[in-house]
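Peer 1: The domain 'CDCP1 first CUB' annotation in TrEMBL covers 2-69. What TrEMBL records for 78-181, 415-496 is domain 'CDCP1 second and fifth CUB'. Under the heading domain 'CDCP1 third and sixth CUB', TrEMBL lists 187-290, 513-624. Residues annotated as domain 'CDCP1 fourth CUB' in TrEMBL: 314-402. The feature transmembrane segment is assigned by TrEMBL to 635-658. The annotation region 'Disordered' is assigned in TrEMBL to 732-810. Per TrEMBL, compositional bias 'Basic and acidic residues' is recorded for 746-755, 801-810.
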Amino acid sequence: SFTVSLHKADNTTVTIKLKPGLLPSCRIRMKNVFRTELKITPGENVTFTFTCSTPEKYFIMEIQKNIDCVSGLCPFGDVHLYPLGLPRLNRTYSWDVKASTKAGLELKFSTSWLRQIEPGETCPDSVSYNISSCIDKAMVNIGTFCRNGSVSRIKLLGGVFMSLHLPWHLPLTTSGFNIANRSSIKRLCIIESILKGESSITLMSPNYPLGFPEDELMTWQFVIPSNMRASVFFHNYSLSNCERKEERVEYYIPGSPSNPEVFKLSDSQPANIAGSFNMSLQGCDQDAQNPGILRLLFQVVVQHPQVDENVTHLVDLSKEKNMTVTIHVEGWPSHVPLMSEPICLICKDPRTCDRVLTLTSGSIYRISFLCKDLSRLRITAEKGIGCMDIRFCQRKIYSLSVPKAITRLPIRLYKFIWKLLATDMINVEITSLSLKLQQDVPEQRCNTNYSYSIVSATPETKLNLGVFCPGGSIEKIQMRNNITISLKMFGKGLINESVPQDLKMSFVPHIKDECMFTVSPNPKAEVYLQTPWPYGLPPYVSISWFIVVPSQQTARLAFSTDRMGIACETGRAFVNIKEETLGAEEIVRREDELLPQPRNMHHNFWVNVSNCKPVDKTPLTLQFWVTFADKQIDLGVILGVVAGAGVLTAIGLTVYCVKKKKKKIQNPMVGVYNANVNTQMPGKKGLLGKGRQNNESHVYAVIDDAVVYGHLLKESNGSVAPEVDVYRPFDGPIGSLPPSPPPFSFRKDIKRSSNAEEEPSSLLDTDQDTYTFAHHKSGQSEDNGDANKNGKGDTNVPLLENKEQDGLVE
């Protein structure tokens, strides 16, 4: 059994009751009376037992003591846990101290001190303190604290409500605090925090996160060793709607020429403070209709002075445009935890430091680092280059290299991003002539310490080309729309002046395909090329490669698979191969056909891949590779050439002899029979140049379309284009334009058809020829009808506001 005896003068009440939500499986017994709750008031002496052996599972206990410091003397000194001999239950001790609002009560904590925690957080040992203050009969929650922290004293204006929560198994006999004295403080509260050595603490404003009381003032006092440095960081704050005054933070820093130093909550707070200092939070008169919430969660970090804190690094961005440079700790911005240990700080002046510092173009900075290990810092930079009018941009070449202002810093570059912006009819050309680029594919991985990620994007389509690195065969990439190029570093390497950078870009006129590569391989190289990997080619997007074949070399082209590996829901997917030589065969394959077998290419050639809308959103990923071998000289060809030369020589001699003989023959006399005269009646001239009775030219194994309809082409001189997309073989050098797929509007007509499976009659009349490419002859203007059908032909929507007369935005 338990006996609890309360003296009347102690003004203490003990209450034992069931835990919320539990059934009364265990009861309290007093003189054969069973109950689920027991309240013992001052002056009572009660003996009771429990009907179960583990009452701590069912019951909790509350012990409340009222202390009057207004009409009587305050019991200064240690506050004891009273009464003794209580059952071992989870218990809460509460002290309600009444005091005058003109005098502040000081609570002093034992050597373990306290650590403030956020609402909902629990203490490791389940021992927690909750401190509140009473102002004008309103309770203000100062905060919840655990043991083992830095908060040594709290002064509060007016009364105090203090509670201590203890677990049933902890035999604690002391409260851990005392009431030290009372004195006027003229503010809500003062919290003293003593930091010894390198450490970090987190503190919150009263009533966090519900809101700081209106027009109140409170202060934190930080005791810092004189040989240490402290920095303040605001992690979470919000502002109320002020009618009068202004919410602010004030610092009193010994030795400062402008005490108090006033900051807005949105400002970077002071850093690298030598020794102790005070920080105060001042509220305002809030709007009664819409008061808003003033709250603050901040952190103070204390660390030793850094050896190189006086070493400054010049970062000259005065000549740069549209560029930002961010210096940050590793893991930013996705993972930046609250600081629990000494950290790296970046300072743009001796008192303005943070874990993240952003520098903008057009300025000069002198920065320093408060960091023992600079390898934990990273640089992320971004630069924008734009073109609104091709007339002002076409001849300009921009170097996509990291500025020296960044490479000279003793920090690793994590990422440099170039955002290239242009209007619809302007394209971006990326070149790397000396280093060249290599596409990072499984068969040919990049092994450099940096690489480039290239992405283009429009409201309709995002084309992620993948990753590229130096040391390959790609000289040029032309892309439509807005381009983002991200240079990313790997390993421990640094981008500095010794690392070659060869990437350049320029703005060029509009191209038909979404992307076009120019590949100039080493004659001994084996080059792997692939549609965007691993993302695949988006629907209705076309991409081309122009492969340069060195003289005296033969290229071997082969695909890694037999088929494209997709099924089209609407439209058709194509692969086109065409050598850049007169009369070369154009090879066309659809997605439902076998891809071409490995073949030798003797001249520069194009490979074009265009996608449909695949079933089940299956990405089109197609890979091919190119190898080179020396051209073989065929002996039969040489003999044939020699024999042909001999025949030509003999024919020339025969013609010469016949002409000499004719000169000796006189013209025949009139009336003499001439066997060469045509004795046939005048009539329509036949198509054949010779009579069928004299030769077998009328006998055909295969009748070619060009023979049957050739006269129609001659009559029109090739200037009349057919009215539908039918096959027209590629004739003549291509120059800079690749073979291109049928217009997208022609392919999308299938999608717009009421029956998606029924193709237009023009597609069904012929098989493969219908899906080959029609090209304009030189001198003809390109038909933009297809673009107009898609709503893009006549539109020219600017992506940037043209604020400069030359139309260029860098």
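Every residue number used here counts from 1 along the chain in the order it is shown.
Cβ coordinates are placed from backbone N, Cα and C, and glycine is handled just like the others.
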Peer 1: How many of the residues that make up the domain 'CDCP1 third and sixth CUB' (513-624) does DSSP mark as helix, as strand and as coil?
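Peer 2: Tallied per class, the domain 'CDCP1 third and sixth CUB' (513-624) gives 3 helix, 51 strand, 58 coil.
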Peer 1: Would you report the average pLDDT that the model assigns to the domain 'CDCP1 third and sixth CUB' (513-624)?
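Peer 2: Looking only at the domain 'CDCP1 third and sixth CUB' (513-624), pLDDT averages out to 93.
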Peer 1: By DSSP, how many residues in the domain 'CDCP1 fourth CUB' (314-402) are helix, how many strand, and how many coil?
Peer 2: 7 helix, 42 strand, 40 coil
Peer 1: Please list, for the domain 'CDCP1 third and sixth CUB' (187-290), how many residues fall into helix, strand and coil according to DSSP.
Peer 2: 0 helix, 53 strand, 51 coil
Peer 1: Using DSSP, what's the helix, strand and coil tally for the domain 'CDCP1 second and fifth CUB' (78-181)?
Peer 2: 0 helix, 63 strand, 41 coil
